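Quick notes on the structure that follows.
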Amino acid sequence: MLSRLALRRTFTATAFNPYKVTVLGACGGIGQPLSLLMKLNDKVTDLRLYDIKNAKGVATDLSHIPTNSVVTGFSPEQPDGLSNALKDADVVVIPAGVPRKPGMTRDDLFNINAGIVLDLAKAAAKSAPDACILVISNPVNSTVPIVSEVFKKLGVYNPKKLFGVTTLDSIRASRFVSELANTDPTGEKISVVGGHSGITIIPLLSQSQSANALSKEQKEQLIHRIQFGGDEVVKAKNGAGSATLSMAQAGAKFANAVLNGLAGKEGVLEPSFVDSPLFKKDGIEFFASPVRLGKDGIQEILDIGKLSPEEEELLNECKDSLKKNIDKGIKFVDSKHL
Ligand SMILES: NC(=O)c1ccc[n+]([C@@H]2O[C@H](COP(=O)([O-])OP(=O)(O)OC[C@H]3O[C@@H](n4cnc5c(N)ncnc54)[C@H](O)[C@@H]3O)[C@@H](O)[C@H]2O)c1
Ligand SMILES: O=C(O)C[C@H](O)C(=O)O
């Protein structure tokens, strides 16, 4: 039985953290476990699930869990389903779209997912212009620029509130390093910067004591495994999709960090692919690096720190692909009349 103190704590947490979170694509492989984790987050009081299929079913299922949020399902068949799902949301998480099959790159998803993300971004710009937008749908290197262009065209762009979710790269790095270095994975903090696909993913192993102590060969294998961790899952699932459960955990971790920032917690740092000044001189508008989160979204974009000569090389290799991916997203929106 809960003590009086515990009861008061529960009530206090809810009363001071009344956040509205919307998940777009809530009934897919990522969407369902991510929505479950958001239902378990005591900072969320109003959880809205939107999908083109099954949103009511998933929302009803989650609504039986005795936490302090109300869960509502929204579908395109309902009048204003999407705009009601988004209305005045504080945080919008977007895992809508198709996943990879073996042999595909993330960029191969562009043709389908770019249009899905564009439509959802248009709706978010109209119904939740002040929300923090967390983009999971691939290719993240292009879908985040798509959202920024849509918001710009509709006159509501706030670069402090747009995030590409790259948390999966850093949680993978923590796990993979700990396997080789025999350390506690929960204590491994590996900075992963750049973008979210193949060679645009740059793990900075030299900045971690345990990773840096590994042999040159181990480090090379580790870098490759972190860069292509997504392919490892796609191959193992053999046509049944890509990472969903680890991604749900990563998405919930990042959403929780954003909510902690909004709630005024100090010292909230997470990596994210954001509109960044770091490499604009090279024509790269977005870059993943650690960001400090606060009441208004991004409080500070941190520098990537000192790189080893090998990491400098990875950074140079990343720039060209990353710039092309970003430009592709921007051009896609420019070709549309919003
Ligand atoms: N950022 C990352 O690190 C990361 C990691 C894993 C997967 N992903 C990406 O996340 C996306 C989703 O992956 P998944 O495994 O959950 O796929 P999935 O096919 O299992 O689920 C996608 C969901 O989106 C829904 N959907 C499609 N179009 C929609 C629309 N217009 N509006 C609302 N919902 C819509 C579908 O109905 C489905 O329920 C993919 O693009 C995948 O590549 C990103
Ligand atoms: O690899 C994918 O296509 C999904 C995701 O981006 C991942 O890194 O697992």
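Every residue, even glycine, has its Cβ placed from backbone N, Cα and C.
A simple way to gauge crowding: the CB of His196 (active site, proton acceptor) has 27 other CB atoms within 10 angstroms, across all the protein chains here. The active site, proton acceptor annotation in TrEMBL covers His196.
The DSSP secondary structure for Gly25 (NAD(+) binding site) is coil. Per TrEMBL, the feature NAD(+) binding site maps to Gly25, Ala26, Cys27, Gly28, Gly29, Ile30, Gly31, Asp51, Asn113, Ile136, Ser137, Asn138, Met247.
Long-range neighbours of Arg100 (substrate binding site) (same chain, six or more residues apart, CB within less than 8 Å of its CB): Arg106, Asp108, Leu109, Asn138, Gly230, Val234, Gly241, Ser242. DSSP gives Arg100 (substrate binding site) a coil state; it is part of no helix or strand. If you look up TrEMBL, you'll see Arg100, Arg106, Asn138, Arg172 marked as substrate binding site.
Summarising the annotation, TrEMBL assigns domain 'Lactate/malate dehydrogenase N-terminal' to 20-164. Looking only at the domain 'Lactate/malate dehydrogenase N-terminal' (20-164), the predicted model's pLDDT averages out at 98.
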Least buried by Cβ count (within 10 Å) of the binding-site residues Gly25, Gly29, Gly31: Gly29
Filtered binding-site residues, from Gly25, Gly29, Ser137, whose Cβ is under 6 Å from an atom of ligand 2: none
Extra residues within 8 Å (Cβ to Cβ centroid of Arg100, Arg106, Asn138, Arg172), substrate: Pro99, Pro139, Val140, His196, Ser197, Gly230, Asp231, Val234, Ser242, Ala243
Pairwise CA distance, Gly31 (NAD(+) binding site) versus His196 (active site, proton acceptor), rounded so that it is a whole Å: 19
CB contacts for Arg106 (substrate binding site) [other CB atoms within 10 A, all chains]: 25
Cβ neighbours within the same chain of Arg172 (substrate binding site) - under 8 Å, at least six residues apart: Ile226, Gly229, Ser246
